[in-house]
Every structure is written in structure tokens, then in C-alpha cells.
């Protein structure tokens, strides 16, 4: 009890255990709410990790296809005074397009790795994942176009076309055709991996 200057008397009431108990759960509840994780955080993080691993595999397939086609070159051991029998990838416009397209896809996949890491660190970030979905779709279309066009050329090189009198030449240039065929297989594998990545990203964006 205390008396002021105006003669007013103030009574100091000690805090009871009930009041203390009443305030304690508020502090504890706020801490509990702040430490509760979102139930889908683990799922989204799993999607992001899978995206990163598949992106690395697609990068390896696309880069391998680019190198294999770029090194497709064979010179036959026999030649004449005026002719030398040689096959290179740049002798075919389709194969040149293939090398340029797969080079672009390889460069994009390398640049996209940091964005994929951001999605792992921040599983609920939608902007980087949406960016990846858009450009993954574009690169998948480019990869499929390059791979399918080159596959038709490899088929003609192996089998020819009797209707237009195109003779197969893979019997003579076996190493060249083997390199080109391996490059086409690598590009189709990269395209399949990109499609799986797009599906994973779509599921990650859909889940709340």
C-alpha cells in the first residue's frame, strides 16, 4: 500500500498463480506456431531434389549428344587423285542444326542448375519454378525437333530410299554413322528427361 501526494491510496496487488498461468500459454503457443512446418514442405523439397538430379542427367545426355555429333568424322582409307572420301557432320544441314540446337540445350541446362538449387532451398517459391517450366518446355521442343530430324537422316544413311535412288552409305562410313546414331539416342534421352522434369515441376506447382 502506498499514499500519493494528493492523499490517494494505491494498493499493490501481487500477481496470482492463475494470472501467471494464464499468460504463459500465450507465449508458448506463439513459439509453437512459429516452429510448425508446412505439411507439404518435405514433398515439395523432394520434387526439387528430383528436379536437380534429373536436370544433371539431362545435361550429361545433351552434352554427350553434342560432342558425339560434333566429332562425327570419318575418312576412308582409299582415295583417288582428285577425290577424297570423307564424311563430316557439317556435310548435312540437319546435323549442323542438331549440333547448334543441342549446344543451346546444354547451355540452358547448365544455367538452370542455380534456379533448381533455389527451389531446393525455398520449396514454396513459385517464380523460379515457373521460369523453369516455361523454358524447359521450349528446350524440350527444340530437343525433340533436332533429335527427330537427325533420326530420319540416320535412318536414310543406314537403309537408303529406293524410291528416289538414295543409296545407304553406312556400310562404307560405319564409324561416322555410329557416332551420329549415338548422338541421336542421347538427344532423345535428354528430351525424355526434360519431359519428366516438366511433369515434376507441374505437380510441384499444383500441390499446396
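Positions of Cβ are set from backbone N, Cα and C atoms, glycine also.
Automatic, uncurated: that is what TrEMBL annotation is.
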- request: Looking at the candidate ranges 8-32, 133-157, report the one that TrEMBL labels transmembrane segment.
  value: 133-157
Statement: Per the Cβ filter (under 8 Å) with a sequence gap of at least 6 from its ends, the transmembrane segment (97-121) is approached by 45, 48-49, 51-52, 55-56, 58-59, 62-63, 65-66, 69-70, 89, 128-129, 131-132, 135-136, 139, 142-143, 145-147, 149-150, 183-184, 187, 190, 204
- prompt: Sequence-remote contacts (6 or more beyond its ends) of the transmembrane segment (133-157), Cβ cut-off under 8 Å?
  reply: 62, 65, 69, 92, 94-95, 97-98, 101-102, 104-105, 108-109, 112, 166, 168-170, 173, 177, 180-181, 183-184, 187-188, 190-191, 194-195, 197-198, 201-202, 205
